[in-house]
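Let me begin by presenting the structure, written as structure tokens, before commenting on it.
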Amino acid sequence: MVMEEGRSIEEGLLQLKNKNDDSECRITACVILSTFVAVCGSFSFGVATGYTSGAETGVMKDLDLSIAQFSAFGSFATLGAAIGALFCGNLAMVIGRRGTMWVSDFLCITGWLSIAFAKEVVLLNFGRIISGIGFGLTSYVVPVYIAEITPKHVRGTFTFSNQLLQNAGLAMIYFCGNFITWRTLALLGALPCFIQVIGLFFVPESPRWLAKVGSDKELENSLFRLRGRDADISREASEIQVMTKMVENDSKSSFSDLFQRKYRYTLVVGIGLMLIQQFSGSAAVISYASTIFRKAGFSVAIGTTMLGIFVIPKAMIGLILVDKWGRRPLLMTSAFGMSMTCMLLGVAFTLQKMQLLSELTPILSFICVMMYIATYAIGLGGLPWVIMSEIFPINIKVTAGSIVTLVSFSSSSIVTYAFNFLFEWSTQGTFFIFAGIGGAALLFIWLLVPETKGLSLEEIQVSLIHQPDERNQT
């Protein structure tokens, strides 16, 4: 009986798909404002990501830290984010997307202020962990919120702005870290969180979360604000309600649901993308760019400043192309580019060690780091979060989102902590390992990652639910 009802609901959803509704194509001021407010947290996260690169010298000198202590400090943000990932999904479901961002702001502000006024390593590490927990919440809820409020034809572009603002924060830390103290940098990291706290009072809640909790009147009000007061929101509201009803009838939303046959594929895609994003070396290269430049004999000040200048235009490429080229082409281009640049970095440091053409190592390393960050920014930097926000149905989004976010930050913490030790063990070997993982990432994307460009969230989720059956038939 439930299966028959589920099929009839799916048929109704597919019929709704064939109807045109211009209201879904509108980009209103409310959508733009809501996205801007949401990505303020992403900017602060970007500052935290590059903070160890910009603050390394000052922190180690002022607080007399060893390499091991500073490596631990660097990894504590991702460790905290992994802790936040355990709660992000449930928190976002219980108190909503806006409420979760408020909680994140409180944690991030507390953490940044603790770092800024730290006189000893204990308070420094406390601030890093607490802010990390906040970033764990932000990294999940921001792309989910943006994906749930934006029209489908620009959803990728708007959701990718999450990565753009992370890169903006990264650019600021690379640029300002050359002449601003590490304590002032921490205060700058807290500023976007204060802006978000205020801005959240003026933006609507996610209509899909409102449908999940049964607030149909608030759902309509949210859609009217997002699509315009004169818009016909009936089709979109019906589609959201139909899909919500379908997944609720189909499942009790327990942890075991994740391992149902129809959801395994999406879980493999979500977790796989996060693993290859981190183990291809992104967190290490971004966090310790100054260390790489120093080892290569290239000017740290010039290298980080140039990264700061070019990191935003690089992300803009992905922002422009994500809804034109699609997710898969950008991801494959990104994985290939990251693999090749890591291979060349390994070659550069091999030449340096063998004292063969070692004069090429500084400039080759600089070019490779720049190209690595560029190819990372257009694809694997932001698209795993875009796809994560799209592929999970509302009934498993809580648990699946938490697991995927936990995997991301746990693996990032491992890579960030281990990098300095790997770098001392074998500089060139470290990058050859990253290159090999990048090659495996290319194969994974080609074989498994679906294209979601131009589809509504409901259309994506219906098609992916049937993906295992379609694969068995072929």
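Each Cβ is built from the backbone N, Cα and C atoms, and glycine gets one as well.
These come from Swiss-Prot:
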TRANSMEM  27-47  transmembrane segment
TRANSMEM  76-96  transmembrane segment
TRANSMEM  106-126  transmembrane segment
TRANSMEM  129-149  transmembrane segment
TRANSMEM  159-180  transmembrane segment
TRANSMEM  184-204  transmembrane segment
TRANSMEM  266-286  transmembrane segment
TRANSMEM  302-322  transmembrane segment
TRANSMEM  329-349  transmembrane segment
TRANSMEM  363-383  transmembrane segment
TRANSMEM  403-423  transmembrane segment
TRANSMEM  429-449  transmembrane segment
- Distal contacts, the transmembrane segment (329-349) - CB-CB under 8 A, six or more residues away: 273, 276, 280-282, 292, 295-296, 318, 321-322, 360-361, 364-365, 368-369, 371-372, 374-376, 378-381, 383, 427-432, 434-439, 441-442, 445-446, 449
- Looking at 27-47, 76-96, 106-126, 363-383, 403-423, which one has the highest count of Cβ pairs under 8 angstroms to the transmembrane segment (184-204)? 27-47
- Message: Using a Cβ cut-off under 8 Å, which residues of the same chain at least 6 positions beyond either end of the transmembrane segment (76-96) come close to it?
- Response: 48-49, 51, 103-104, 107, 111, 125, 128-137, 139-141, 144, 205-206, 209, 212, 283, 397-403, 405-406, 408-410, 412-413, 416
- Message: Does the transmembrane segment (302-322) come close to the transmembrane segment (429-449), meaning at least 3 CB pairs under 8 Å for residues 6 or more apart?
- Response: no
- Item | Positions whose Cβ lies under 8 angstroms from the transmembrane segment (129-149), at least six residues beyond its ends | 31, 34-35, 38-39, 41-42, 44-45, 48, 76-85, 87-89, 91-92, 97-98, 100-101, 103-108, 110-112, 114-115, 155, 158-159, 161-162, 189, 193, 204, 206-209, 222, 226, 385-386, 388-390, 397, 401-402, 405, 408-409, 457
- Using Cβ atoms only, state whether the transmembrane segment (302-322) and the transmembrane segment (159-180) have three or more pairs under 8 Å that are 6 or more apart in sequence. yes
